[in-house]
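For 24-76, the entry in TrEMBL reads domain 'Acetyl-coenzyme A synthetase N-terminal'. The domain 'AMP-dependent synthetase/ligase' annotation in TrEMBL covers 80-478. Marked as CoA binding site by TrEMBL: Arg186, Arg187, Gly188, Glu189, Thr311, Asn335, Ser525. Under the heading ATP binding site, TrEMBL lists Gly387, Glu388, Pro389, Asp411, Thr412, Trp413, Trp414, Gln415, Thr416, Asp502, Arg517, Arg528. Annotation comment: TrEMBL describes 533-612 as domain 'AMP-binding enzyme C-terminal'. Residues or ranges marked as Mg(2+) binding site by TrEMBL: Val539, His541, Val544. Summarising the annotation, TrEMBL assigns N6-acetyllysine to Lys612.
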Amino acid sequence: MSSTTVQAFPPSEEFAAQANANAEIYDRADADRLEFWAEQARRLDWATDFTDTLDWSNAPFAKWFVGGKLNVSVNCVDRHVAAGKGDRVAIHWVGEPGDTRDLTYSQLLTEVSKAANYFTSIGLQAGDRVAIYMPMVPEALISMLACARLGLTHSVVFAGFSSGALRSRVDDAEAKLVITTDGQYRRGEPAPLKTNVDEALGTGDDAAKSVEKVLVVRRTNHDPDLNWVEGRDVWWEDTVDQQSDVHEPEAFDSEHPLFLLYTSGTTGKPKGIVHSSGGYLTQVSYTFHYVFDHKEGRDVFWCGADIGWVTGHSYLVYGPLSNGATEVVYEGTPNSPNEHRHFEIIEKYGVTIYYIAPTLIRTFMKWGQQIPEAHDLSSVRLLGSVGEPINPEAWRWFREVIGGGKAPIVDTWWQTETGAIMISPLPGVTATKPGSAMKPLPGISANIVDDQGNPVGAGEQGYLVLDQPWPAMLRGIWGDEERFRDTYWSRFAEQGWYFAGDGARYDEDHALWVLGRVDDVMNVSGHRISTAEVESALVGHSGVAEAAVIGAADETTGQGIVAFVILREGVENTGDELIAELRMQVSVEISPIAKPREINVVPELPKTRSGKIMRRLLKDVAEGRELGDTSTLVDPSVFEAIRSKKS
Ligand code: 6R9
């Protein structure tokens, strides 16, 4: 695909005139990167100033803002109240059954202080770990901030994970406290959640050794047989709510571990990614301000991610709140009670900045544009995408249908490990191309290289590396220094670069295109073809709602391309005729070598709860193997349907 022929969208004059960013900040960052970051760190309130911006002498273990001390929760809450903004709404919370709750910054301070007082009362001390296994209720965010306030390192475990996944994370981190809810809503129905905690923590000889208390927020109130372990389990309303609402915070070292977040690796055991306080908060705060062009007191921000993922940590908690933002936090699924839910919320709260994953955009496309069109979405002025490469079709639809044909889109590339956005256009400054994350942010340095570490030319695919440390970078894998070095720093050890695990290429204009995980890059007859590129071509066909592509072992070509597609609502499957059309589509869009060997029309694609397509499992199907680990799938039964439809 020749990306230079892709239409670029320059920023409108109107947007540029009011934008937080301008072209000059790239120059400033280039002129003196460390000075630039020191300047960004000044966005925060430091109790003790830092003496050095970066200590990289023990690479790959970085220290940023050396000697500085700060309190993360003070930066997210107290300082806004102290500045007279206490009455500003921090969180417009929307529950799945339709209940709502607004929390101002003053109210947030009260709640966070009470929780901090309770945590202290049960003997927790800075450095202890706390597991948070909760749906998207306000107390989840309050708990995270209360941990931050006390220097307790939180480990949020997605509430859709199984009890086994929770147990392994609790054990690995040796968490002393687990915070949960009695139940959670799932597509309109209450389901137990604390039961999973009981299962996870076990009893007798099998009991999780580290856990002293389980703190339970009442949410669904529907489980008459709720199990209760005397001495271990307590209700939030009986404990936290009874505490004083005054709490004197203490400052912590810039490098103090703010949180652990487990992410799956190539081996089965999840890695506990460790994030710091000062460096992390600096970069999430900086990126929130510039990438989302956030205007305090005017914008209403909505990030659709769950706090169980890094996007929820950085752009639902620490980024927006450190900037004094007003944001929407929605508890439920997008089609509960019906497909209008997101658009009703945008309309009701006047959401101005809307940040979601491409998979959701494609779902909206599948539902049809008459649904968003039934709502006044004119408040939306900026759109963001994250989590996977966005195909140009979805990009255009997003801008047209949700963004009124004019809202800029920021396609933000980053990872759990990077902590904050790394590669993205700056709205009002960067001309965007549908499907490209464009270029590294000011202060960030990335490159695309071949196996030997040589830069690749325009149009050639290579590995995405980060060749300079950045403030929000992971500080390690919890308890496993060797795995940290191995996973990220061994591939380009000589050069000392971070290997992101993604493939990418520059086009002729030096715009950066992320092509997906390198394990998703196929090699067909010696040609490297990205699964994302083929998927994008398939989705470019008017009948296709969503596509997943994998490289399956092939005797003659090394790998053969196998595609799985879902058709749009109302599109008829004409069998061979359709398949021929789709193959032609790919041939025309990319090249005849990219034509899928096999195209299967299926009713569903297997996805993780964070919305990523599990290509590994599709590969198992395509290669006729037993399925690998399906524990992170939303709905393991989709495979029955896929197998039965597979040609
Ligand atoms: C933030 C987040 C990280 C992986 C990353 C890449 C993919 C994320 C992307 C993107 C293309 C984007 N990814 N954003 N690919 N364009 N804008 O998603 O973190 O869950 O750790 O996933 O997601 O493959 O390596 P995480």
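Placement of Cβ uses the backbone N, Cα and C atoms for every residue, glycine included.
Here the features listed in TrEMBL are placed on the structure.
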{"residue": "Arg187", "record": "CoA binding site", "contacts (Cβ under 8 Å, 6+ apart)": "Gly332, Thr333, Asn335, Ser336"}
{"residue": "Glu189", "record": "CoA binding site", "contacts (Cβ under 8 Å, 6+ apart)": "none"}
{"residue": "Gly387", "record": "ATP binding site", "contacts (Cβ under 8 Å, 6+ apart)": "Thr311, Ala357, Pro358, Thr359, Ser610, Gly611, Lys612"}
{"residue": "Thr412", "record": "ATP binding site", "contacts (Cβ under 8 Å, 6+ apart)": "Val291, Tyr355, Gly384, Ser385, Val386, Ile421, Ile423, Ser424, Ala437"}
{"residue": "Trp414", "record": "ATP binding site", "contacts (Cβ under 8 Å, 6+ apart)": "Val310, Val386, Ala420, Ile421, Met422, Ile423"}
{"residue": "Thr416", "record": "ATP binding site", "contacts (Cβ under 8 Å, 6+ apart)": "Leu261, Thr263, Ile273, Trp309, Val310, Leu474"}
{"residue": "Val539", "record": "Mg(2+) binding site", "contacts (Cβ under 8 Å, 6+ apart)": "Arg362, Asn391, Glu393, Ala394, Ala545, Glu546, Ala547"}
{"residue": "His541", "record": "Mg(2+) binding site", "contacts (Cβ under 8 Å, 6+ apart)": "Glu581, Leu582, Gln585"}
{"residue": "Val544", "record": "Mg(2+) binding site", "contacts (Cβ under 8 Å, 6+ apart)": "Leu538, Val565, Ile566, Leu567, Arg568, Leu582"}
### Task
Can you tell me which of Arg186, Asn335, His541, Val544, Lys612, our recorded positions, come within under 6 Å of ligand 1 at the Cβ?
none
## Note on the structure
Ordered by sequence, the long-range same-chain Cβ contacts of Arg186 (CoA binding site) under 8 Å (at least 6 apart) are Thr333
### Query
Looking only at DSSP and grouping its letters into three states, which state does Gly188 (CoA binding site) belong to?
coil
### Task
Count up the helix, strand and coil residues in the domain 'Acetyl-coenzyme A synthetase N-terminal' (24-76) according to DSSP, in that order.
22 helix, 11 strand, 20 coil
### Message
My understanding is the cutoff is Cβ-Cβ under 8 Å with a sequence separation of 6 or more in the same chain; which residues meet that for Gly188 (CoA binding site)?
### Response
Glu96, Pro97, Gly332, Ser336, Pro337
### Message
Counting Cβ atoms within 10 Å of each candidate's own Cβ, which of the binding-site residues Thr311, Asn335 comes out highest?
### Response
Thr311
### Query
Other than Val539, His541, Val544, which residues of the chain come within 8 Å of the Mg(2+) site, judged by Cβ distance to the Cβ centroid of those residues?
Glu393, Ala537, Leu538, Gly540, Ser542, Gly543, Ala545, Glu546, Ala547, Val565, Leu582, Gln585
### Stretch-averaged pLDDT - the domain 'Acetyl-coenzyme A synthetase N-terminal' (24-76)
98
### Message
Restricting to the chain of Arg517 (ATP binding site) and a gap of 6 or more, list residues whose Cβ falls under 8 Å of its Cβ, or answer none.
### Response
Gly501, Asp502, Gly503
### Message
Based on DSSP, tally up the residues of the domain 'AMP-binding enzyme C-terminal' (533-612) by helix, strand and coil.
### Response
24 helix, 27 strand, 29 coil
### Task
List the residues of the same chain that sit at least 6 positions away from Pro389 (ATP binding site) in sequence and have their Cβ under 8 Å from its Cβ, in sequence order, or write 'none'.
Pro358, Gly435, Trp513, Val514, Leu515, Gly516, Ala532, Ser536
